[in-house]
Each structure stands twice: as structure tokens, then as C-alpha cells.
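Pulled from Swiss-Prot, these are the features on record:
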SIGNAL    1-19  signal peptide
DOMAIN    29-256  domain 'Peptidase S1'
DISULFID  C56-C72  disulfide bond
CARBOHYD  N90  N-linked glycosylation site
CARBOHYD  N105  N-linked glycosylation site
CARBOHYD  N110  N-linked glycosylation site
DISULFID  C180-C192  disulfide bond
DISULFID  C202-C233  disulfide bond
Amino acid sequence: MKIISAVAASSIALGAVSATTDHVSRMLVLGGAVVPSGTKTYTTGIRPTIDGDNFCGGSLISPTHVLTTTACLRGIKPPNWVSVGTHYLNGTHDGEQIKVVAAQNHTNFNSTSGSFDVALLTLEKPSRFKPVKLPAADDSDIVAGMWSKLVGWGYTGYPEKTKAYELQGVSLQVWDNEQCGQLYPVDDTMVCAGGVKGKDSCDGDTGGPLIKERGPGDEDDIVVGLVSWGSECGVGYPGVYSRVSKALEWINSITKGK
């Protein structure tokens, strides 16, 4: 996820920072708890090697496609493998590890504004795990004030950078875009969530899912956002997530050939 300093975020609120402010990637589940093993199995780790550490997160949205963000495709580490259905940061203890055969960014991605910060990975073979549901195109699955859940393997401590070995989750409240726009230069391809000090995403979670839970199990979970950018980890500002509903046409053009 990309980071704007707390000072810069305050300046944005005062109109002192332009909409072209640079963003810095984030990757952490701060203030969360371990997700029970065997749940949220659509959550995907992106790795350079079959048993290496996940450096980004993603979501299995079809048997052969993982949804993530563009930073995960252009970093130092190559997105060569995904871990699906695993509870752990690395290794081959559980779940499955599948080779990535293609990776592409949204055709409308804007690296300056961060708009359409969405990417897709195509897998060498189908996953046996059930994909997460995609949101409705009319944005009805994401409403200001609702609670959502961020899931990932990012740092659990900041600035000491304590790594999460097990999958973590934290509940975050969704903001109205107009309200969030007083802090950040956001547009309708983004959604803000969080804002409680000590509960946030940061280093390690980039690309991972922001989920709308619709029941006690995972069957009806919907991926409404993807970890994209924000202020320094856990300082009390919301994180900014890619709004998945705005990318559905592009996603379907690849996963369904439409």
C-alpha cells in the first residue's frame, strides 16, 4: 500500500497538498487478531518462490485468477507464485501453491492519482478452493458506515516491523468518499476504511482484500476493496482501498472473456 505521511495527510485536509501527491505502498494488519485456520481460504499470498514469504496479498476470484493491486506487479520481487488456502506467511504446510503464468494491470491504471489500482494474475492450473464473491456493479455492496474486514499477513507491529506468521484480520469502518476527500485526493475508484489509531493495514498487506461479511461463515463474503495506499501505519487516518465494483467490466473481460 502507498503511504502519505501524517503531516502530509494533515496538509491535504488543509488544502496544502495537491491531488498529485506521491503515494507509498503499505503492507500490515495492525491491531487485528489471528483468523481461524481454514477460514478466509480465498485470501491469497503472492510470493517470488514456491515456499518464500508472501510479499503481497490477493483474492482468488475464479479458479484461475487472483485479484490484487499494481504495486505487486512492479516491485523488486516478482509475482511468480501464489499460495491459496494457506494460513501461513510462507512454506508449503497447507493449502496449495500455484505458479503464475500471466500478470496484467488495469488498462486505466493511473500511477499518479492511483485510480484503477487493480491487477490480475492468471494461474497455471485451477485452485481447488472456492473463490470469493465479487461486488455488485451498482456499488450497493459498499455503504458508508458499514463494517468491513481486512485480511492479510502484513506486519503486526510498527515501526518495529513485527511479521505476522499466521493470517490476521481486523475490522474497519467504511468512510464516505466526500468525508475522506477532506484528507486525501480520492476519486470514485477508491474507498476509505479505518481511521482508528492502532488498527490499520501497512507493509505486507498491499493488494489484499477488504471484505464485506454477510454471515457467520465465508460462503457469502464479498471482496469490496483492495489494499492500495494511505498515511503512516496506525496513526489514526483511514487507509485507501481500490473499489472493486469500479473495475468489474475489466475484470470480467479477462476472467470471462467478455
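In case you wondered, yes, glycine gets a Cβ from its N, Cα and C as well.
Structure with Swiss-Prot features highlighted.
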residue	record	CB count, 10 Å
C56	disulfide bond	32
C72	disulfide bond	27
N90	N-linked glycosylation site	18
N105	N-linked glycosylation site	20
N110	N-linked glycosylation site	13
C180	disulfide bond	22
C192	disulfide bond	26
Three-class DSSP secondary structure - C56 (disulfide bond): strand
Inter-residue Cα distance where the pair is C56 (disulfide bond) and N90 (N-linked glycosylation site), in Å: 12
In three-state DSSP terms, the structure that C72 (disulfide bond) belongs to: helix
Mean of pLDDT values spanning the domain 'Peptidase S1' (29-256): 91
Assigned conformation of C180 (disulfide bond) - DSSP reduced to three states: helix
